[in-house]
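Step one of this worksheet: look at the structure below.
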């Protein structure tokens with residue numbers, strides 16, 4: 001289909017499709033805390049966030065064209081808000097359903113109910129998760145499958161296989177106490193305690209000889225990448241991130257946080273044994289590796305429940321492949337880009353002593369008004385066409401409808417980062433190898449033919465990536481690193497797409513009423529000012545830069561240290577120089593020890609006189 005097809009006509013056609021094939025699929029979610037959960041059987045029980053007092057949360061499964069309604073009631077304890085993002089869905093014509101607080105909606109306050117209501121206009125493997133306060137690593141996430149009306153590949157059965165890193169301590173404790181604190185100025189991310197398949201240990205998937213299975217792998221974790229292998233089985237990739245690919249046979253797949261793969265696996269004819277599915281954690285992401293740490297997670301293809309579940313031989317090296325070499329099954333006929341932006345990111349310690357991410361020298365902070373409502377309410381005199389209107393730290397970029405945009409992302413950091421763009425899939429035009437340097441450092445650039453499309457892509461350390469998308473989806477779409485620690489650090493930007501068209505798809509009244517319950521304004525600029533849109537005073541901002549040189553506080557601290565050191569040295573000198581003779585009758589076989597002690601005391605003294613005093617003391621003792 002021509003990507004520049006008329007927006008109104010496309011909307012009419014999609015509406016017609018809904019009348020032909022749509023079913024209403026209502027999911028009633030009461031979001032609750034669930035206690036005493038021990039998914040790996042280690043004895044490390046903790047609370048999690050579940051649905052209807054249950055965890056793990058059942059996957060959502062619908063068909064293409066269905067009307068999806070998630071009635072989400074916030075019953076969390078301790079006055080916590082929440083939200084729900086359908087990861088990978090474009091939300092065409094419903095951008096206010098994307099579930100990102102202060103971007104497309106307001107948080108769902110305690111006791112309130114919000115209806116996520118949209119049409120499933122894609123098919124493939126997705127997931128839903130909270131986009132609020134690091135809640136999804138604490139359990140508020142589950143796979144979301146949209147079945148195609150007609151599948152391009154044949155298979156007999158399918159399994160959904162989620163994988164996640166798991167922490168025994170909840171994130172609402174880890175973030176303030178161990179990560180985003182002056183005690184962690186380098187931003188070292190807490191290492192997961194373990195990993196899980198389908199939120200449990202030793203998950204099994206029954207196999208029947210000769211059948212072909214579609215395995216939908218989804219990394220719903222917070223931090224870690226996984227390399228996945230199936231013992232003595234090859235896999236054929238047919239889908240990544242909701243995009244069908246040309247078939248590619250591989251021995252392993254690499255999933256960053258938020259990525260998805262569908263692979264076909266044909267079962268063996270023999271049932272004399274079972275085979276391990278092993279996910280290997282990418283330990284290069286960890287600043288430190290705990291003693292006796294097990295980086296591997298295991299599930300099983302079960303051919304015979306009476307046979308043993310024995311691990312095969314250890315793997316010395318994983319035969320990896322470059323996912324950028326994958327080709328989409330349905331190619332895009334995309335013209336050259338007419339718009340290009342270059343963003344870079346790195347991490348810095350700011351004025352509060354904690355570590356923050358910055359995109360082009362700016363750490364993301366939520367605006368006072370949700371970005372999509374800023375675009376809607378400042379549509380006068382061209383204010384909604386100016387990035388600064390959305391807040392000085394919203395990292396906003398403006399695109400016109402139909403722009404073909406190249407986004408060059410330079411990674412100044414020493415770690416890998418999975419970047420995700422809401423509202424789109426994108427072409428991966430070029431990706432530099434590890435430590436290749438910046439995009440501008442390269443002597444030449446060669447873009448892939450029929451490049452892979454997906455919504456989450458990994459950027460190598462000290463390197464770059466080039467992605468291309470078409471700005472055909474009016475709305476406010478965040479682009480961010482999907483490592484949860486880095487989202488907490490501010491590694492986000494906002495793409496404001498076709499702002500002049502956003503008022504025509506304005507947020508419904510019930511979305512705005514949700515903001516009123518939250519006490520959040522729905523009109524104005526990023527500072528919440530609507531009478532004078534150019535006035536950004538009071539806009540939220542990150543901590544200031546770490547002061548250079550000696551501040552008064554630092555001087556005072558150093559002075560206190562020097563005074564304490566002088567007092568300590570003075571005490572040593574005073575007591576060392578005031579040694580009194582010991583009566584001879586008290587000397588015994590410990591005399592040598594006493595001499596050694598006196599000699600050690602003399603090491604702390606700087607003057608010859610003091611040393612002589614110690615020697616005299618020794619002579620008097622003798």
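Keep in mind that glycine also has a Cβ here, set from the backbone N, Cα and C atoms.
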* Swiss-Prot annotation of transmembrane segment - which of the ranges 512-532, 533-553, 554-574 it falls on -> 554-574
* According to Swiss-Prot, 131, 422 bind Cu cation 3; which of 412, 445, 480 is also listed for that site? -> 480
* Candidates 254, 339, 417, the one Swiss-Prot lists with 481, 486 as binding Cu cation 4 -> 417
* To do: Select the closest residue to residue 296 (N-linked glycosylation site) from the following recorded positions, measuring between CA atoms: 79, 85, 338, 532.
  => 85
* To do: Out of 79, 198, 338, point to the one nearest residue 360 (N-linked glycosylation site) in space (Cα versus Cα); all of them are glycosylation sites in the record.
  => 338
* Asked: Any idea what the Cα distance is from residue 123 (N-linked glycosylation site) over to residue 420 (Cu cation 1 binding site), rounded to a whole Å?
  -> 18
* Asked: From the Cα of residue 85 (Cu cation 1 binding site) across to the Cα of residue 198 (N-linked glycosylation site), what is the distance in angstrom?
  -> 20
* Structure fact -> For residue 296 (N-linked glycosylation site), the number of neighbouring Cβ atoms whose distance to its own Cβ is within 10 Å equals 15
* To do: Consider the glycosylation sites 30, 117, 202 and say which one has the Cα lying nearest the Cα of residue 338 (N-linked glycosylation site).
  => 117
* To do: Fill in the CA-CA distance, residue 269 (N-linked glycosylation site) to residue 85 (Cu cation 1 binding site), as an integer in Å.
  => 42
* Asked: Could you tell me the C-alpha distance between residue 79 (N-linked glycosylation site) and residue 85 (Cu cation 1 binding site) in angstrom, no decimals?
  -> 20
